[in-house]
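The following features are taken from TrEMBL:
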- LEU106, THR107, PHE134, PRO135, SER136, ASP137, SER190, TRP259, ASN287: pyridoxal 5'-phosphate binding site (BINDING)
Amino acid sequence: MDPSSPVSPSSILEQTALQLGCSPTDKKLAFHLDEKDELKHLRECFCIPKIKDLPPTDPALVNGEESCVYFAGNSLGLQPRKVKTYLDEELDKWARTQEIALMNGLTVNLHLLMLSFFKPTSRRYKILLEARAFPSDHYAVESQLRLHGLDVGKSMVLLQPRQGEETLRTEDILTVIEEEGDSIAVILFSGVQYYTGQLFDIPRITKAGQKKVGLLQMCPFHTNFRSVFSYLNSGAGGLAGAYIHEKHSKSIKPALIGWWGHDFKTRFLMENKLQLSEGINGFRLSNPPILLVCALHASLEVFNQTTMKALRRKSILLTGYLEYLIKHYYSEDKTNPEKPFVRIITPSQIEERGCQLTLSFSLPIKSVFKELEKRGVACDMREPNALRVAPVPLYNSFRDVHRFIEILGSAITSSKQTANNTVLSGSY
């Protein structure tokens, strides 16, 4: 579906089910959506683990030969099938001559860019970020502030959701920028909040930052590729990328320089007379590890078979289908307080989320997570009370979503029984 379409995923699901003569919860709808999926061939480009290959699986509960329900692509993307081919090729020839515009890991890139963009003064010295930022971001900001001799408590502006809410309102972010902008030197935001799955309105945040903070103080690396190893499927510890707008290509220089930042045309003259590449290329320190490049290369080949528009179109409906089924089966029932329920933390507006839904449960979440793992579901639990599930449009199917809902019902039933048994045993 078109991201700009006024028709909601739930309406499309209900209309399609009506045409099929079935309920939106019937697996017949899932099979139909998979049959019509223009990206279904891409699933074959990835190695989807068998249930038996997941260590926590209980063989008594599942068929180990079936593919698992892999909903952890927001944390660690699946391995593209061609990775081994490219690794073997590189191990055979061991060298590569082409340039790769990638460098380092995420935290290294954050530090390199902040060293150039964060220039605190007595008036502008604060860094603005969300309160529950990914630890990589948070620790990098803390250390940069200390490097400049600044008080972290006074210089780190952490944005919290309103009381009783889980996600940040865009208007609250913009208000803080307006009110504190005269003292803010850098604004650092992730595109998608890793815990809640909230997709931030980066264009509006950027515009407000440029207006109040100023162009050179607005740190332009909110598009730093945090999820190269997850959504770009390059493996844990994979290469990161970095972005600097071309308007800064001549005015912003790296604080730390390596050989790979030297212009390629004269790099191998080895004269030790720096000719710095313009823009982000000047920030590169050394040759990217070739084996890490292979994994990313294999993944990007898959991306080249489609478009971001097609991926987003499928993603909206795929995640909308997951949301629809969760709400149908596991919404809170005030008339039945004994019924376990699931609450979706991630915003329901499609423009405010990606493919991830973050769930919380009325039952102990560790128990639910454990039961899901036993049944061949790969997802991601985060403290204190969040289960992150992400149907990725590259390789997840509508049938995967329906299977997950079926398995979730079994996991919740077992978790409830365990909780009841614990209560009973404690009463003796």
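Numbering starts at 1 and runs along the chain as it is shown here.
Placed from the backbone N, Cα and C atoms, the Cβ positions cover glycine too.
The shown structure was predicted, so the numbers you read here are calculated from the model rather than taken from an experiment.
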Around the Cβ of PHE134 (pyridoxal 5'-phosphate binding site), the count of other Cβ atoms that are within 10 Å: 17
Greatest inter-residue Cα distance in Å for the pyridoxal 5'-phosphate-binding set LEU106, THR107, PHE134, PRO135, SER136, ASP137, SER190, TRP259, ASN287: 30
ASN287 (pyridoxal 5'-phosphate binding site): tally of other CB atoms within 10 A of its CB: 14
Sparsest Cβ surroundings (other CB atoms within 10 Å) among the binding-site residues SER136, SER190: SER136
Local Cβ density at LEU106 (pyridoxal 5'-phosphate binding site) - other Cβ atoms counted within 10 Å: 23
